[in-house]
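Asker: Right, I'll just put the structure down here and ask away after.
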Amino acid sequence: MIPANDAFQLSLKHEQGRLGFHSSKLPFLSSSRRSQSPISSRASSSERPPMPTRRSSATSPALNGNGNARANGHSPEQPNGHATAGKHARKGSRTTTKEGKKVVVQRTLAEKIAVDWEIPRKVLHSSIGFLTLYLYYSHGSPQKVVVALASGLAFIVPCDILRLRSARFERLFETTVGFLMRESEKQKTNGVIWYIIGVMFALAVYPLDLAVVSILILSWADTTASTIGRLFGARTPKLPSRLPLLRLPLAPRKSVAGFIAAAVTGAAIAVSFWGWVVPQVGQPGSWKWPAVAPSTANPTALAATSSWLGLGVLGVVAGLISAVAEALDLGNLDDNLTLPIISGACLWGFFKLVELFGA
């Protein structure tokens with residue numbers, strides 16, 4: 001038979017192991033404090049306050065809805081005494097919760113895809129310039145080019161009208177070629193339509209070498225200004241609201257970096273075309289619209305700019321025209337339409353002035 005004291009002590013040890021306590025941490029349960037009699041042990045145990053119920057280390061704490069530990073219904077606290085609050089993801093901001101991190105990753109991936117799709121748009125935009133140069137070198141017929149563009153326009157315009165009126169066709173359109181459209185273009189007329197109209201206007205109205213240069217400015221100067229503006233626009237100041245002297249309205253989103261890029265590209269196009277391409281092809285104005293002028297620019301005017309000094313002046317004028325035409329704010333008018341029309345008209349006026357004062 002086990003003595004009463006030993007039996008009571010074994011019972012306490014059994015309860016201690018079941019509740020996860022250790023005698024080394026609770027000295028009143030150690031063997032050195034063994035009672036001398038069962039009566040005194042029962043008396044002392046009845047006088048003790050009830051022991052708190054604790055979870056063992058193997059039991060996980062209660063979790064809230066977000067999967068975070070909570071104590072007494074409150075959020076876990078940091079060492080400074082403030083409770084941690086999950087940061088909400090706002091426009092790419094970081095967050096501490098797992099759900100927030102997923103949102104940030106998805107938004108960052110979407111922005112990367114949007115930037116990646118900008119590359120094929122710029123490639124397509126710039127490829128028109130190379131096609132124009134090829135037609136000029138091969139003495140292509142501008143009439144056939146205009147007819148081909150008009151045929152394409154006759155197909156694109158009804159599709160764009162249907163896209164704006166039918167939600168089902170809009171989904172189909174954006175699934176196939178929607179990646180070539182910016183988000184700002186999806187609720188208005190497609191920029192490709194204005195691009196084609198601007199090119200057709202230049203070919204039909206201007207002398208043909210001026211038409212080619214205006215298309216090259218649209219294709220290359222606009223692309224360069226947009227690319228450089230995106231990369232370095234934040235490091236340079238914005239353009240003023242109006243052009244000095246002429247007081248022409250300028251787009252508020254344009255930067256000095258994009259303006260300089262458009263000016264340099266426009267100057268390089270003009271100097272290279274009239275200083276190198278035209279002499280290689282032969283007579284100036286060989287690719288011309290018969291109903292307009294028999295020559296692109298009067299031979300006397302072209303002779304005045306054939307020297308290096310004349311080409312330098314031409315480059316400065318063409319660069320300023322390209323940069324200003326690209327930065328103009330003309331309300332709801334698309335720059336794909338206004339850029340070739342304005343640049344071609346201003347260059348044509350410059351040649352007329354050279355012809356007038358050079359005579």
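Every residue gets a Cβ built from N, Cα and C, even glycine.
Look at TrEMBL and you will find 24-102 tagged as region 'Disordered'. Feature annotation from TrEMBL assigns compositional bias 'Low complexity' to 30-48, 62-73. Under the heading transmembrane segment, TrEMBL lists 192-221, 256-279, 300-325, 337-354.
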Asker: Using Cβ atoms and a strict cutoff of less than 8 Å, what residues sit near the transmembrane segment (256-279) while being 6 or more residues removed from its termini?
Answerer: 133, 136-137, 209, 212-213, 216-217, 220-222, 224-229, 231-233, 235-239, 302, 305, 311-312, 314-323, 326-327, 343, 347
Asker: Should anything in the same chain at least six residues away from the transmembrane segment (192-221) have a Cβ under 8 Å from its Cβ atoms, list it; otherwise answer none.
Answerer: 125-129, 132-133, 136, 142, 145-146, 149-150, 152-153, 156-157, 160, 180, 261-262, 265-266, 269-270, 273-274, 278, 284-289, 292-293, 295-297, 318, 322-323, 325-326, 334, 336-341, 343-345, 347-348, 351
